[in-house]
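So that you can see what the record holds, here are the features copied from TrEMBL:
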- B:35-59: transmembrane segment (TRANSMEM)
- B:105-294: domain 'ABC transmembrane type-1' (DOMAIN)
- B:109-133: transmembrane segment (TRANSMEM)
- B:140-161: transmembrane segment (TRANSMEM)
- B:167-187: transmembrane segment (TRANSMEM)
- B:222-251: transmembrane segment (TRANSMEM)
- B:271-294: transmembrane segment (TRANSMEM)
Amino acid sequence: MALFLIRRLGHGLLVLWLITVAVFALFFVAPSNVAQTLAGRQATPETVDLIKHRLGLDLPVWKQYLHFVENALHGNLGYDYYHQVPVTTIIGTALPITVSLALGAAVLWLLLGIFNGVISAVHPRSLADRGLTLFSLFFYSFPSFLLGLLLLYFLYFRLTLAGFHWFPAGGYSPLTAGAGAWFQHLLLPWVALALLLAATYTRLTRGSMLDVLGEDYIRTARSKGIRESRVIVRHGLRSALTPVVTQFGIDLGQLIGGVVVTETVFSLPGLGQTAVTAINQQDLPVIIGIVLFASAAVVVANILVDIAYAFLDPRVRLH
Amino acid sequence: MTAAIEMVDVVDEPKAIEGRSPFVLALRRLRKDKVAMISLAVIVLIVLMAIFAPVFAAITGHPPNEQYRDIGLTPDGLPRGPNGTFWLGTDDLGRDILVRIAYGARVSLLVGVIATAITVAIGVVLGLAAGFLGGVVDTVLARLIDVVLSVPFLLVAIALVSVTGPSLTVTVLVIGFFSWASVARIVRGQVLSLREREFVEAARSLGAGDRRIMFVDVLPNVLAPVIVYTTLLIPVVIVTQATLSFLGLGLPPPTADWGGMISASQNYYTTAWWFILFPGLALLITTLAFNLFGDGVRDAFDPRADRT
């Protein structure tokens, strides 16, 4: 187990290193006029050069890269071009918002996906099964920005027009400022995200439940006279959840860098929106920092999934 | 009596036993799937709409980029709702939404098909190479797959497009470049087990080289999962393209494309419901049709998966 962990960690670090190289190469090959933007239209070439020098942009790319890696290893991802705020601070400010969004949505989509999946598997080919499959495919097909806009239209605009001020137009209210407002601001983004992702879980749970319910030990449990609901939940669902847990880890890791659209539609200043702003301003340190952080989230999530897998399914450990 | 006669008949004229390949069997199953066939019909309609987009322009008399600032906008400069002249209403610049939806279908389908084709081609070749050749090739490719799958795709895609400037080529390349890894991983996994099978050994003992075995003997055996994945990838690609457009990184204006139309409608959704509704519906119907069809293809090609 220890050896397996060390090897996985080594792989993870290698992947992260390759990503820094790739991201650096991509953005430094492209022409950048950020110094010009910072200096303003009227600036003399000398001012622009001075700014370039201050930002370290006059160094060769490989030297900039070495600086970046050296600092990153010391936990410093650089400073943003415009206000000299440490990138780690920027990430630290945005992260709670993205995590609130991702975790809340995760609770919803797990409940929805697993519940629907179990219902479908218990009555395969029934009307309920077909209905639920269609329901989940319908939302799976929704582009996330469209679903977000529709939710805003009906649940914010229409309701507010009708005199019900239940949902805000967007924005974020931190948990420290009151759980009620936090919940109110996040409910629509949660629903938007959860409806999209639940489909995968419905399908996964359904398939895995169908496999498990065909096993001998389920028949044994039934023949012992155990109540059907108990057979399904305790005996069936418990072992059917392994692939669901795997998928969950992967999805959660990817959400850190993948909620760009939901954050944009609902004006949540999380990592995704911060990155988009940085991209529009060519604020390279922030872009690279967030991309790297989001990639690290995926890598860590994948390692955790492998470990969880080994615990959930003892057969995996033998290999 | 009749039974005896029938038996004699059978003996006399044995029915020719048709060889049915799994592919043919899958197609038969697919043809019986009503939902999949309806979805296919919808897809065909959308394709026809894209091909005959100029016909829409000719019938209505409104070119896709023509701005009717007089008859197409209200005196306050707002979009006009559906009426006799503009069947699905107009957008913020007084352009005909119906005609622009028809032209927008071209962008969605073109990107959907081309980017998917590139993705699948790269994924299949690299997956085959990694799984079959093994050794250093596999190690390098497997790490590369890990890297691509760990990168936050949408973020990097946005960053790339903003650096290079939006265009059809860039969109297609960015999507293709970041999507091949999942295909490669599926193919690699299949090939890893296939290469130990006897028919590979048989081919080798007949003197076949690596390339021949890979593409002639092994490739047909991984086609089923690849076909399933391909049909399910098209709607994903279409949504990705629309998302890039929505974020302002689609095709440069005035080209009509659905994501861009929905993005522009955002500021008007309280006053002009048709402006977001119709392009949104077009996009949703397209992805839904492809997903339902893809679902049918999956059931047809992997009968065990869903018919328990």
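Just so you know, the numbers here start at 1 and follow the chain as drawn.
Glycine is no exception: its Cβ is also placed from the backbone N, Cα and C atoms.
Of the two recorded stretches, the transmembrane segment (B:167-187) lies close to the transmembrane segment (B:109-133), with three or more CB pairs under 8 Å once pairs fewer than 6 apart in sequence are set aside. Remark: the transmembrane segment (B:271-294) contacts the transmembrane segment (B:35-59), by the rule of 3 or more CB pairs under 8 A. Tertiary proximity for the transmembrane segment (B:109-133) is limited to same-chain residues at least six positions away from its ends with a CB under 8 Å from its CB atoms, namely 46-47, 50, 141-142, 144-145, 168, 171-173, 175-176, 179-192, 194-195, 210, 213-215, 218-219, 222, 226, 229-230, 233-235, 237-238, 241, 290.
Tertiary neighbourhood of the transmembrane segment (B:35-59): same-chain residues 98-99, 102-103, 105-106, 108-109, 285-286, 288-290, 292-293, 295-297, 299-300, selected by CB-CB distance under 8 Å and a gap of 6+ residues from either end.
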